[in-house]
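Annotated features, as they stand in Swiss-Prot:
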type    : residues                                                       : note
BINDING : GLY607, PRO608, ASN609, MET610, SER611, GLY612, LYS613, SER614 : ATP binding site
Amino acid sequence: MTEYTPMIKQYLEIKDKYQDAFLFFRLGDFYEMFFEDALNASQILEITLTGREGGTKEKIPMCGVPYHSASGYIDTLIEKGYKVAICEQVEDPKTTKGMVKREVVQLISPGTVMDERGLKAKENNYIASLYCYEGKEYGFAYSDLSTGELKSTVIEASEDRLINELTTLSTRELIVSSSEKEVLSDVMKEQLGLTFSVHEEDTIPVENEKLVTRHMSLSEKRAIGKLLHYLKETQKRDLGHLQQAVHYETSNYMKMDYYSKRNLELAESIRGKGRQGTLLWLLDNTQTAMGGRMLKQWIDRPLIDRKKIIDRQNDVSELMAHFFERLELVENLKNVYDLERLAGRVAYGNVNARDLIQLRNSLYQIPRIRATLLSMSSESLTELANQLDPCEELTEKLEEAIMDSAPISIREGGIIKDGYNSQLDTYRDASRNGKTWIAELERKERELTGIKTMKVGFNRVFGYYIEVTRANTHLLPEGRYERKQTLTNAERYITPELKEKEKLILDAEEKSMELEYQLFSEVREMVKDYIERLQKLAKSVSEIDCLQSFADISEKNHFIRPTLSEDGSLHVKQGRHPVVEKVMGAQSYVANDCVLDENREILLITGPNMSGKSTYMRQVALTAICAQVGCFVPAEEAILPIFDQIFTRIGAADDLIAGQSTFMVEMLEARNAIVHATKDSLILFDEIGRGTATYDGMALAQAIIEYIHENVHAKTLFSTHYHELTDLEKELSGLQNIHVSAVEENGKVVFLHKIKEGPADKSYGIHVAELAELPKSLIERASRILEQLENDDKKIIIASVKQPEEVHEEVQLSMFPVEPEKKASSKETKLLKEIASMNIMQMTPMDAMNKLYELQSKIH
């Protein structure tokens, strides 16, 4: 058996308890990693792998990072989904005989990050837990440890429902029992890209019982208990900033599944995976980090409560009507710090003096914000204003105690104001007077010795000294100057008087810094008493920030206040896609009407590719979402129903990880909509059935339309290239044909992007290919084939080098005819390769439009 050294034994004993984490093992000024941790970390962090003697024949793999710069390395590991266990020395090496005791003081995981550098200001960092009750329901709880938010609910024991909750929250980590983890599919684990943590204990810790209310179900309490136990065991510190668990019902909000949110690009773009080009990007003019986080929550969960929607609309109207007051509000909000996350750091003991200065400056703004809101006539804004707690006693205490110029470090003094503590003032006076005496000493010694270059200095190693150049040492009186340090060109001395004063000064400074740290710690502890009040204040300020953002964006983009219909009808005049309009510019964008009511439940949309069908469908959904989050909408007039759910199938979001084809995903999403939609839902289906054979696809598309019409009665926009389906208008009373218009000018197609009544009369597919600059010979051949297909009952035409009139009917399409007179140029070939490499199925209409402009610019 291998006999390791005592230190390696200690490492292995601790590592055994944290098998799923990198163990940062403190040795002096470094965090060291050994064995497999070292091998993996050296590659991930790109740091040098070395070895250390550990009692074995060969050196043990080792790598390390300096403790003072470890946070950057920790952030890298966390961002990649790993966990890091911080193991510190918990005994003083100077007073300990033998091996210094070490313990893990914190486990940092993707869901438990508290360091500001590892968090995104306008994004929550959620950790969730799951409790499966008899296979029937899931108790579900989640928290943002950095803000103290804690919420819970009960959902159906369905993987789809669970995925919807997890993706809505952008959850970073999920806590499950070992048996629950086994039940969840591997596909789900890979798709979600979150960290799974196994934890069995699920009873509420005694000290946290006050966070749970009695009316919560057993499964909900168990989910909360599992979450709290995990946080308690991994954080190993006070979690007093966690708020009382708030129960929420998913039925109180508009439901959208993961694919619908992705297709509509609410908070993340399909192509760039960022905020740019999303609805959140457009609507976000929040001035505070916490306001930005609340705005995302609002967009993720639109309201279905009519009164709450109207209240928000009233607030936005009021803010729009008071332009100058709104400007003043914005200026005040700019100076409000992230109160939510500050409260979390106070609980953790991580705040510094600068944080407290920012807290004080934030609290200064609250009376001003309150006064501005009270000057308006909105009842709900008045209610919000009255909820603003300026925490006057805290503001006064911070004003009295903390210097405006306080440093970040809390151990080096310069934090507490003069006059705050009499003993501190005494120490400071002693230090200042001593330094004045030393400055005077330098003048006296120069006069006494006649050495004009003599100076009195100080360093941390030797303390105070008198420095004389070598050339002048002979001028010093004998017996009074004691040599302290020899330099290349000078000698440093000390005198009895200087030695005595040095002790007084250094003692005073040491005591001053010790007392100052103690006083700062007392102030920091005092702030803990205000955590709950600060969290409530943060919530009110965040809501105000979101409302002013809606007002600002609505005004700048010419949005109007929508009316909520009572009969479920939708009437939008000159509606626009808010994001596309922003990117293209209002002058370039073509607005369109949309009407859906009991006589027009289904709009069947035909028209060529690139004409704007998908954009039109998306704009209807985004208009509804804007209305139900309480914002104004991009239109000239709008009467909108309150939708309980939105389902979309737009574009080809192939589920490659699950091994499902485009068509299978299409059918699964269609089923999801058909089974769960109600008469109050909105369904957007873009070219359903295109992933299979023509007649199969057409048959399925027709059957789906008929089923929605006869059984579901949801408001539906259904785009298709199956022109035959337009005949359904004669059979289905609630279906209306509309099309995106286009015209031919000089043999070229011009897309008007205008929605008109009735079916499209032509496809223009070949014209789209021509716009993409496909070779001329290819376009001409396609035109001849199309002409024959249209004239010959759509039979397949064999390729031939003969003229069209000499071609006979065949059932197999062969090679294109050879046209020696015209070969593709190198420029055409290059463009063809670029077009061929494009992943069209992953492009949004806006992406495709931008790419087309880019290709055109290369030609011209």
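Numbers here mean position along the shown chain, with the first residue as 1.
Just so you know, glycine gets a Cβ as well, placed from its N, Cα and C.
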Using other CB atoms within 10 angstroms as the count, which residue among the binding-site residues GLY607, PRO608, GLY612 scores least?
PRO608
Counting every protein chain present, what is the number of Cβ atoms, excluding its own, within 10 Å of the Cβ of MET610 (ATP binding site)?
22
For SER614 (ATP binding site), what is the tally of other C-beta atoms lying within 10 angstroms of its C-beta?
25
Tell me which of the binding-site residues ASN609, SER611 sits in the most Cβ-dense spot, judged by other Cβ atoms within 10 Å.
SER611
Restricting to the same chain and to sequence separations of six or more, state which residues have a Cβ under 8 Å from that of LYS613 (ATP binding site).
ILE605, GLY607, ASP686, SER719, VAL740
